[in-house]
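According to Swiss-Prot:
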type	residues	note
DOMAIN	10-90	domain 'BTB'
DOMAIN	125-218	domain 'BACK'
REPEAT	269-315	repeat 'Kelch 1'
REPEAT	316-359	repeat 'Kelch 2'
REPEAT	361-404	repeat 'Kelch 3'
REPEAT	406-443	repeat 'Kelch 4'
REPEAT	444-476	repeat 'Kelch 5'
């Protein structure tokens, strides 16, 4: 056990030992101890007050007092008063700190604080944070607050039953709060709203609404029972800052950074996932709200990805295949702590076409230029299954659900009907394409972009559901 010595105090101990000794029995929590009250009263004002001699007719030299201190901490303080030495380790330091604060023994107070700060541990958090607030120990409070903020995902369940409004506010408003995104704070509150009481005000005081997803904003409106959310222009928290993004940065610059990324969208939010950055495949992702013109943080994926595909389903965002792990799949959505690995694909696939019908995810193509296999994953299932094969291979095609049918279009075109579990051929596009996109505009299915024989296709085609064919779109 480490020993700490107060050399200045040690010089005075010899003189104190020559003084008249008065014995006092101290009843503490967990036991009692007989002390030389003369020495102990010299230690601090607390002991001078609580060990005051109560003379009787018999002038009894032994008195008895009761102190609200645990016997182990009191024993350490008594030993220090006799020797100038205090014994501190990780097991006794927190209780000893509280006892030394109550007894006003400054050397032990600052020695305990320095010991705690040098090797701060999770088990110190609650007591140290409460002592920091209660006794105004700013360095202990600041260090503990930052520790809790940085380890928030590990400590969130431990602190909720111990901290009051002020304690939670200091933590949740911190730049150091380690959360994957701002939606996580809202989700954390909703899960505990029955316990939090007046912490409803925290939502207004600590949430950085400019980094919330639309779902997070709607949750705030629901919590506050309002139709318009408060304005916020705070900087992002350190945990979800992107080291390669300067602040502020416009949306076009952010999009340029995510070169060769996978993209998909949910409503007005476009998700940019993986790609090529600094001459390597990376695992970063970001969301861009093109209506409010702000970016929304996404935690890094478990795997770097290039030539992957993304699809929203089951209130989650799924990322499928791509290099360097072409069978891997993972999912995430705003408010989740991290991406979750999902069952692997049955075949390795890069740039596969993906779509979702009734929360069933379908994956087509991306394996080889001759492959016609398809796979699907049912909600809450732990294994992909092969579906009906397509008529044509769709190595670089795209997919979209339109009118309850799953359209698969590239150099060739066909659609899948879930009710009959069959594919149906339709006319090929007028201009065959690799890596095009299907979009819906004014209830019309449009085919845009793509390449063919190294040339970009700038003609837009519209699907005619009466003739099962494609026409050049005139914008009407």
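One-based numbering along the chain as shown.
Placed from the backbone N, Cα and C atoms, the Cβ positions cover glycine too.
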Same-chain residue ranges lying at least 6 outside the repeat 'Kelch 3' (361-404) that approach it to Cβ under 8 Å: 309, 311, 313-314, 318, 320-321, 329, 342-355, 410-412, 414, 416-418, 421-423, 425, 434-440, 445, 463, 465
Helix, strand and coil counts within the repeat 'Kelch 5' (444-476) (DSSP): 0 helix, 17 strand, 16 coil
Mean predicted confidence [pLDDT] for the domain 'BACK' (125-218): 85
Helix, strand and coil counts within the repeat 'Kelch 1' (269-315) (DSSP): 0 helix, 25 strand, 22 coil
Helix, strand and coil totals (DSSP H, G, I; E, B; other) for the repeat 'Kelch 2' (316-359): 0 helix, 18 strand, 26 coil
